[in-house]
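**Q** Below is one structure. I have some questions about it.
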Amino acid sequence: MSTSPGRADVARSVAGRRRALWLGGLGFAALLLASAGVRAACDGPQVRPAQAAIASAHPLATEAGLKILDAGGNAFDAAVAVTAALAVVEPYGSGFGGGGFWLLHRAHDCHETMLDGRERAPLAAHRDLFLDDAGQFVPESALVGPLSAGIPGTPAGLVQLAEGYGRLPLAQTLAPAVGLARDGFDIGDGYRRVAAWRLSALRASPAGAAQFLVDDEVPPRGHRLRQPDLADTLERLASGGHAGFYAGETAERLVSGVRAAGGIWTLEDLAEYRAVEREPIVAQFRGWRLVSAAPPSSGGVLLVQILNMLSAIEPQPESDTQRVHALTETMRRAYRDRARYLGDPDHVEMPIERLTHPHYAAGLIRDFDPTRATPSTTPETDVPASEGRDTTHFSILDREGNRVAATLSINYPFGSGFVPPGTGVLLNDEMDDFSAQPGVANAYGLVGGEANAIAPGKRMLSSMSPTFLESSETVAILGTPGGSRIITMVLQGVLGAVDGVPLEDWIARPRIHHQYLPDRLEFESGALSPAEQRDLTAMGHRLELLIRPIGDMQAILWDRANGQVKAASDPRGAGHAEVR
Ligand code: DON
């Protein structure tokens, strides 16, 4: 069980761990072979964990999940409860107006799948949706108001999770969230900080302002947030299942609210929406099995590419500076491919097998220079600043050995800011995750091309990377929010786990990030010593110290040899992990 220190404590605990970052090495001896599969090795006696665990970004969400486990629910039932509770108590991070990915492992038959509840573009959307008459991208239009909202996938995902994998009725698993929405909860400092940042987006929506502000201002400390419209919407979902959200009263209110404010949703958009099960990206390395998110997330593919490249570097780096340099160069090359190749698998052909093959990685890293940074050659456009702890992740392990890793989002904090009147549903602004124009950066500085261009009914490319990692002795369940940095944060968690770094340390230790464009090596305070900063700069890296900590990782570690289960919540956030 972990507690959550305040911001100053976080800075200290992060900085205090800096030497742990690279000394353990990066596991460069890894040989990684990629293959897509939906069944883990299920032979041999099935060991069960002695305890269950939940790690989530909010104590009330962890509590909601534990309540469902105590009532006889499995990890999938608990995942419904945690998803719904997070939507209520972290309304700025995820919600019923958003989407996400639930990575599932069912213990009795080792079935593994990624439940894709990612938003889709409305059917009336088109590739130039966010360009003005002069053909220029208007960033605000993809981030604020109903035009920026994709068709939500979280409600459909929850129905599918409950019906396909859970054993309790939705009325029971959604009940904690309904209670939190109706009775209210006291908002924290995180809420007030991001509400101040998205104040104008919330003010632009009368129902959004009424729900999340007080007299059009950031609510005072200790404010109790009640969301009765959302409670009613959840009850309609609980009683009606898919149709309880995507048809009837809720759908009609969503569509009429969106259209009255200039949006383009139709009832058909909602009626057509389905969550989809996809084969996760699976890879083996150094005796570990990695299972992570498949497209329309770029997470799994990039994780495999980076691990493959790290394995292919010869000779393997020895000093800390060389390791950071190698890691940066592999990140740079993987994100270049993200922009070139990846998108919605239902709309674009992607060479996934080739991209995740060790031979391809060896080719990508052929121009690696152990002494010099490789400049990113594509020209840079304006790079917006982005924050890093919105969106949300939770991890669950039950006593049967069922696992869930889920990352959920409405994109920017408080999403589009828009609430269709009478629904309590805050809509996402996930349309900004599309490439609005080739080579033009989105809110996370990511560029893209044709593969991620807007098209009717298409899912926008994501970085969300819920991940399982497994050896014969250990199972890890992990993930984090953080926009484009999600993948490199999960990577650093994976490397920590593989290197045997204690769970609390690999969650807390300072992180680095590179994403091809902008061409800069970002680092959290304490990640690089002054000497490393000097040496990396001399090698041609453009270094940037991040002002705020990034990520909010939630992870579980199950030691199969002794049955022990540990869970930890990132000290950067206000989450809560509990084993019981
Ligand atoms: O799907 C994605 O990649 C983004 N919409 C995630 C946004 C996010 O993590 C924001 N939090 N910092």
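Numbering starts at 1 and runs along the chain as displayed.
A Cβ is built for glycine as well, from the same backbone N, Cα and C atoms used for every other residue.
Look at TrEMBL and you will find Thr391 tagged as active site, nucleophile. Summarising the annotation, TrEMBL assigns L-glutamate binding site to Arg118, Ser409, Ile410, Asn411, Asp433, Ser462, Ser463, Gly483. The feature region 'Disordered' is assigned by TrEMBL to 369-390.
How buried are the listed features, and what sits near them?
**A** Applying an 8 A CB threshold to same-chain residues 6+ apart, the list for Thr391 (active site, nucleophile) reads Gly93, Ser94, Thr407, Leu408, Ser409, Ile410, Asn411, Met464, Pro481, Gly482, Gly483, Ile486.
Within 10 Å of the C-beta of Arg118 (L-glutamate binding site) we count 30 further C-beta atoms, all protein chains included.
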**Q** Can you check what DSSP calls Gly483 (L-glutamate binding site), collapsed to helix, strand or coil?
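**A** Where Gly483 (L-glutamate binding site) sits, the three-state DSSP reduction gives helix.
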**Q** Should Asp433 (L-glutamate binding site) be counted as helix, strand, or coil on the basis of DSSP?
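**A** Where Asp433 (L-glutamate binding site) sits, the three-state DSSP reduction gives helix.
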**Q** What residues, ordered by sequence, lie under 8 A Cβ-to-Cβ from Asp433 (L-glutamate binding site) and sit at least six positions away in the same chain?
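**A** In sequence order, Asn411, Asn442, Asn452, Met460, Leu461, Ser462 meet the Cβ cut-off.
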